[in-house]
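These notes concern the structure reproduced below.
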Amino acid sequence: MDIELPYLAEYARTGRATCKGCKSTISKDTLRIAVMVQSAFHDAKVPNWFHKTCFFKNQRPSSVGDIQNIGNLRFADQKELTDLVENIQEVISAQLGKKRSKAFNLALKDFGIEYAKSSRSTCRGCEQKINKDLVRLRKTVYDTEVGMKYGGQPLWHHLECFAQLRSELGWFASGEDMPGFQSLADDDQAKVKNAIPPIKSEELPDTKRAKMELSDTNEEGEKKQRLKDQNDAYFRFRDDIKNKMKKKDIDILLKFNNQQPVTGDTEKLFDQTADLLTFGAIESCSECNSCQFIVNKSGYICNGNHSEWTKCNKLLKEPTRSACIVPKELKALYNFLNTVKEIPSTRIFNNFPPNKSTFSRSLLKTNKNNDVLVRPTIPRISPPLYNLKFSIIGLKNQHKELRKRIENLGGKFEVKISENTIAIISTELEIQKKSTRMKFAEELGIHIVPIEFLDFVEADTEGAIKYINSTCICSWGTDPKSRIPKETTKSLNSNSIYTKSMPVSRTFKVKDGLAVDPDSGLEDIAHVYVDSNNKYSVVLGLTDIQRNKNSYYKVQLLKADKKEKYWIFRSWGRIGTNIGNSKLEEFDTSESAKRNFKEIYADKTGNEYEQRDNFVKRTGRMYPIEIQYDDDQKLVKHESHFFTSKLEISVQNLIKLIFDIDSMNKTLMEFHIDMDKMPLGKLSAHQIQSAYRVVKEIYNVLECGSNTAKLIDATNRFYTLIPHNFGVQLPTLIETHQQIEDLRQMLDSLAEIEVAYSIIKSEDVSDACNPLDNHYAQIKTQLVALDKNSEEFSILSQYVKNTHASTHKSYDLKIVDVFKVSRQGEARRFKPFKKLHNRKLLWHGSRLTNFVGILSHGLRIAPPEAPPTGYMFGKGIYFADMVSKSANYCCTSQQNSTGLMLLSEVALGDMMECTSAKYINKLSNNKHSCFGRGRTMPDPTKSYIRSDGVEIPYGETITDEHLKSSLLYNEYIVYDVAQVNIQYLFRMEFKYSY
């Protein structure tokens, strides 16, 4: 993918643009330079235009190569811009006795020193807060999202952190030369001078830039002259084309030379025509047969389409050309066309490489992990109360002093008491008064500590938490460690101004099966208009990684509930951000509203609304997403309900767990699925199947040898079908087998969650029944908790204890409950295999969110449209005799430590044995299952044989050192769902040690 350049230079097309610097208009045809910033209202970059001189007052480009379109400027303007960029001074060195240049004074303004006005700013060295009244130092930068949009962003530093980073920040002078130094107190001035002494000139880094001027060798001098001559000839033609030729004649000239005219951009059309007259006609693209090439940096890029989803973007440095042929009638009309040469020539370009930071930003934007963490540059020990929240009850005369002491120790003072308050500073007298705030503190279990607590912490900076317990003066208090806020790690996405303050998922009010978008403000007085088979509500999407687009567009025709009044509501923007806008239009009649709705649909998709069932994707247009909004009132909270459940407590807790809406939402968020545009359960099963097919297609492309154009095409389709939240980062190209496996697992989870959601939707909330009992009835599975004192429980516990592998020691497994499982119809389905020899009780693990689907439909084999990745022995149902091997598939963590596992009776019969991966499409006639033999296994001589002949391989593990196998542990695979009879469900607690 092409590097996204931060600036754009061109000649003003009209005289209407206003300079963002001086606020005056920019005259037509004068050179103007733009900062390309993200629009707050559309999923696109927009130019903030400046006069040339105003631009350099507001921005500090590091390289002329960061300026898009510079190669299409006049030679003199290229030269001037290069000189201006080169003259920007980025470092401040000691200039004793020297007259300071304008560039030096401009650079000096980017630095400053002062006392922190609050405790809100963050040091960009150590990423810790800078407390109020501490000395802080500023470097204003211009290459950040904020800096580019607002003409600079001040980045603050502690004095010690700035001193360590001074070289890369570009400050080599003494600290006393920094603006603001004189405003500091004498002792702070001394600290600054000591921390930031001047650096000798001979120790300065080489800051010279590569200049545009070439060295004086004959060859390079000739190249420079050729560049100038070509540029002059090019602009002679361009000026004549712009000032003299009619557009229809330009089109005739281009088409006569088999060049497809650029549409929608007159200036690019002039560029294309001038290039034709100066250098000759470019041959058609070998990839897509397009006849339209656009100048791009130091070459030409094909403007054709690989498919309706993807641009071709083939890049040519030196395209094959033929001589430009001018029709006689045009020569007669335009005299300058008689000067066109009859021999094609090669266009040479100046090499303007982008700055390293531009490369870096581009690499970060294309990083496969869009949550790349921002790590501190400077290690710094956190103050003892860092990020801990304190409050005060009473002690009114000492509030100001106590607040300052808390903040000096790194803590935060908050008037409001909350569950995140670590402790409250007060007195025994205030405890006896039992004020409302004190009672609330007792309810939350927050410790009350005296003022002396701060004395202890100031004397012993490592014992803050222990002093909360030891100095506590109240009779209550939960573990203070539980109230320590988790360290928040910043990511590239969270740093963006367009991903902060994102709205939480909203409740949709459903009327007649259709939801009114709450952003319309009409959800209480209107409903979605329905006309025969037409439901006038659509959600459109488009992901295009070549243009960094991840857009949505929603349109609804709404009718007032009580009168003849109609509205068209539409909203649009970038998925996962606050970029976007909306519009509400009122109509008097349904016909005018329908006409407007259909016009919008046709404009955005290129399809007529009446033909939506035969939808054809159009190049650059949007695609409908099948999202079905249902009544969110059915997503009840299980904590309290009017009707008492008839289920055992352990079964109630299990049903709560597997039907937990928050867990399902968290799972979708882990996969970066956009929860605003695609709330839980709203994506159709058909759309999920389509996504499976796209992922399988990507797998086939990789198997046949990676083809970037095909991968981009399929990636665009996948992310359009399944909206993902990439924030402002570039959507990730799907190009590895690991990504395919991750997406397959995501779609598996989506499919299972869709089952759970369908069950919830089908329930009648008006029933005089607890929702847990409703859920339980819907899964059609009997669950009975085993007595923990029974022999059956003891045998199964031994199976867990003995088969935990030595390579899986990051956690221990604690059994919370074991349930005997009887799925409706499964025993009957399994009956033919009950007579088969070699039946074992084996483990299977899966995500929590998959268990509604598993219990209601049984364990299933991946659908045909799913890619074959992740299946070592083909698509089947996988089991293990080592508990921890299956436990790893529960996808638990220290934060989400509850997992569910199954023990199933598996009819293995005659097994095809393998010691390495072998993809099996179909077993041979005399085999019933596949056995991947691992080197470590439960001791087969110690197995327990049940009365019905089923083997429980619960022996202690042994290792066969002589076996040549690539597998660590045994795997068992069956390819017929009828060979599985689920018998037990374990609720496990994963006790992580690290």
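Glycine too: its Cβ is placed from the backbone N, Cα and C atoms.
The feature zinc finger is assigned by Swiss-Prot to 7-89 (among others). Here the zinc finger (7-89) returns a mean pLDDT of 93 for the predicted model.
According to Swiss-Prot, the feature zinc finger maps to 111-200 (among others), an assignment based on sequence analysis.
What Swiss-Prot lists as Zn(2+) 2 binding site is CYS123, CYS126, HIS158, CYS161, and the listing cites sequence analysis. Within 10 Å of the Cβ of CYS161 (Zn(2+) 2 binding site) there are 24 other Cβ atoms, across all protein chains. DSSP assigns CYS161 (Zn(2+) 2 binding site) to a helix in the three-state reduction.
The region 'Disordered' annotation in Swiss-Prot covers 199-225.
As annotated by Swiss-Prot, compositional bias 'Basic and acidic residues' applies to 200-225.
As annotated by Swiss-Prot, domain 'PADR1 zinc-binding' applies to 214-354.
If you look up Swiss-Prot, you'll see 223-228 marked as motif 'Nuclear localization signal'.
Here Swiss-Prot flags 280-323 as region 'Zinc ribbon', drawing on sequence analysis. Counting residues of the region 'Zinc ribbon' (280-323) by DSSP class, helix then strand then coil, yields 0 helix, 16 strand, 28 coil.
Here Swiss-Prot flags CYS285, CYS288, CYS302, CYS312 as Zn(2+) 3 binding site, drawing on sequence analysis. Proximity of CYS288 (Zn(2+) 3 binding site) to non-local residues of its own chain (separation of 6 or more, Cβ distance below 8 Å) is seen for CYS302, GLY304, ASN305, HIS306, CYS312, LYS314, given in sequence order.
Per Swiss-Prot, domain 'BRCT' is recorded for 380-471.
Swiss-Prot lists 525-622 with the feature domain 'WGR', giving sequence analysis as the kind of evidence.
If you look up Swiss-Prot, you'll see 644-761 marked as domain 'PARP alpha-helical'.
Swiss-Prot lists 770-994 with the feature domain 'PARP catalytic', giving sequence analysis as the kind of evidence.
The active site, for poly [ADP-ribose] polymerase activity annotation in Swiss-Prot covers GLU971. In sequence order, MET872, PHE873, TYR878, PHE879, ALA880, LYS885, CYS930, PHE931, GLY932, GLY934 make up the list of same-chain residues 6 or more apart from GLU971 (active site, for poly [ADP-ribose] polymerase activity) whose Cβ falls under 8 Å from its Cβ.
With DSSP states grouped into helix (H, G, I), strand (E, B) and coil, the zinc finger (111-200) comes out at 33 helix, 21 strand, 36 coil. Shown in sequence order, CYS123, GLY125, CYS126, GLN128, ILE130, LEU134, VAL135, ARG136, LEU137, ARG380 are the residues of the chain, 6+ apart in sequence, with a C-beta less than 8 angstroms from the C-beta of HIS158 (Zn(2+) 2 binding site). Cα-Cα distance from CYS285 (Zn(2+) 3 binding site) to CYS161 (Zn(2+) 2 binding site): 54 Å (rounded to the nearest whole number).
Tertiary neighbourhood of the region 'Zinc ribbon' (280-323): same-chain residues 2, 71-72, 257-262, 268, 271-272, 341-346, 349-352, 544, 546-547, 616-619, 709-710, 712-713, 716-717, 720, selected by CB-CB distance under 8 Å and a gap of 6+ residues from either end.
Listed in chain order, the extra residues whose Cβ falls within 8 Å of the Cβ center of the Zn(2+) 2 site residues CYS123, CYS126, HIS158, CYS161 are ARG124, GLY125, GLU127, GLN128, ILE130, HIS157, GLU160, PHE162, ILE378, ARG380. Counted over residue pairs separated by six or more positions, the domain 'PARP alpha-helical' (644-761) shares fewer than 3 Cβ pairs under 8 angstroms with the domain 'BRCT' (380-471), which leaves the two as not touching. CYS285 (Zn(2+) 3 binding site): 20 other CB atoms within 10 A of its CB, across all protein chains. Mapped onto DSSP helix, strand and coil, the domain 'WGR' (525-622) counts 22 helix, 44 strand, 32 coil. The most densely surrounded of the binding-site residues CYS123, CYS126, CYS312 is CYS123 (count of other Cβ atoms within 10 A of its Cβ). Helix, strand and coil counts from DSSP across the domain 'BRCT' (380-471) read 43 helix, 14 strand, 35 coil. Note: the Zn(2+) 3 site is recorded as CYS285, CYS288, CYS302, CYS312; in the same chain, SER286, GLU287, ASN289, SER290, ASN303, GLY304, ASN305, HIS306, ASN313, LYS314 also have Cβ atoms within 8 Å of that site's Cβ centroid.
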